[in-house]
């Protein structure tokens, strides 16, 4: 007789996704990051829910309410620091997850990949509106600068900006709607993650060799459930270490000052996880050009499956592509560094060169390397 986990309408779905799911035997630790992202999302939703109970989305009270959470609410300081640093770990896992997909050719599962890119954009939007909520100096000026970029759109730009602001400047209406969006988006992300998983389970997981593994699969539980558990322990230990020993390491000191529309901070910059995109934005002197470059720096991921020219899926046996991949990683680090620097020589030219290399790697060098490797195979 079949067990309840296989016959029950609801439990059978969970069984198919997390228990009896056939998984390739040889998937490495790089395949842990999907579940780690799920853990990050749950952590952020739970801590965010408790923070929202004590937060006040009003410009005269927002900063004070965050201070009140940290001082007066039981374990409020802990919740706030877990939530703030959890965002950083979320993005670390996200970038590693995307890097894994690029290296091993997982992007050839087009539906899964494109839903993943949409998820990436949603997470970025959520993090942006969330950063505005404490209403510190960098919150206010970050919101002003980034929302102002929409004015670069021809004809509708200015109207669009005022529509998003809910007035003629970043004000109370802006804070209220950003709080609404920040509360809503994580649940949208959770829903989109389900679609991401649905598409993934249509094809099954890729593996480090990039070969068909249907002949050699094992059940997800107990093998990979325990492997994921190890990842959970390491991630949570890292989060606790960061939160309890150095909670403000990744934050901007400017955000400890309440928002003041009359005083502009000397260097306006986003959180570290947006610096690479910010560097690409700043590398183009034209406003509209910069905004488009910013947009395409993320959307370019969607064309990766189209520009894949190699006969092999994974980069495991493709030395040229491996060199390009690690060049991209180095380039991302350079862009992240440049994004945090002032706009002056030599940082301007370094940022421009790094931005050109970033796009060239995706559009020119990767397809070219695949083609050359195909030729090398035929020799």
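The backbone N, Cα and C atoms fix where each Cβ goes, and this holds for glycine too.
The transmembrane segment annotation in Swiss-Prot covers 33-53, 77-98, 113-133, 178-198, 226-246, 288-308, 320-340, 347-367. Taken from Swiss-Prot, the feature heme b b562 binding site applies to 83, 182. Annotation source Swiss-Prot lists heme b b566 binding site at 97, 196, citing similarity to another entry. The ubiquinone binding site annotation in Swiss-Prot covers 201.
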Subject >> Annotated stretches the transmembrane segment (288-308) and the transmembrane segment (113-133) touching (3 or more Cβ pairs under 8 Å) >> reply: yes
**OP:** Return the stretch with the most CB pairs under 8 A relative to the transmembrane segment (33-53), choosing among 77-98, 113-133, 178-198, 226-246, 347-367.
**Re:** 77-98
**OP:** Check each residue in the chain of residue 196 (heme b b566 binding site) that is at least six apart in sequence and keep those whose C-beta is under 8 Å from its C-beta; list them in sequence order.
**Re:** 112, 115, 116, 119
Original post:
For the transmembrane segment (77-98), which stretch among 113-133, 178-198, 226-246, 320-340, 347-367 has the most Cβ pairs under 8 A?
Top reply: 226-246
**OP:** Could you measure between residue 182 (heme b b562 binding site) and residue 201 (ubiquinone binding site) for me? Cα positions, answer in whole angstrom.
**Re:** 29
Subject >> Surrounding CB atoms that lie within 10 Å of the CB of residue 97 (heme b b566 binding site), all protein chains >> reply: 20
**OP:** Take the Cβ of residue 182 (heme b b562 binding site) and count every other Cβ within 10 Å, whichever protein chain it belongs to.
**Re:** 22
Subject >> binding-site residues listed as 83, 201, least Cβ neighbours within 10 Å >> reply: 201
Original post:
What is the interatomic distance between the Cα atoms of the residue listed as 'ubiquinone binding site' and residue 97 (heme b b566 binding site), given in whole Å?
Top reply: 17
**OP:** Could you round the CA separation between residue 97 (heme b b566 binding site) and residue 83 (heme b b562 binding site) to a whole angstrom and send it over?
**Re:** 20
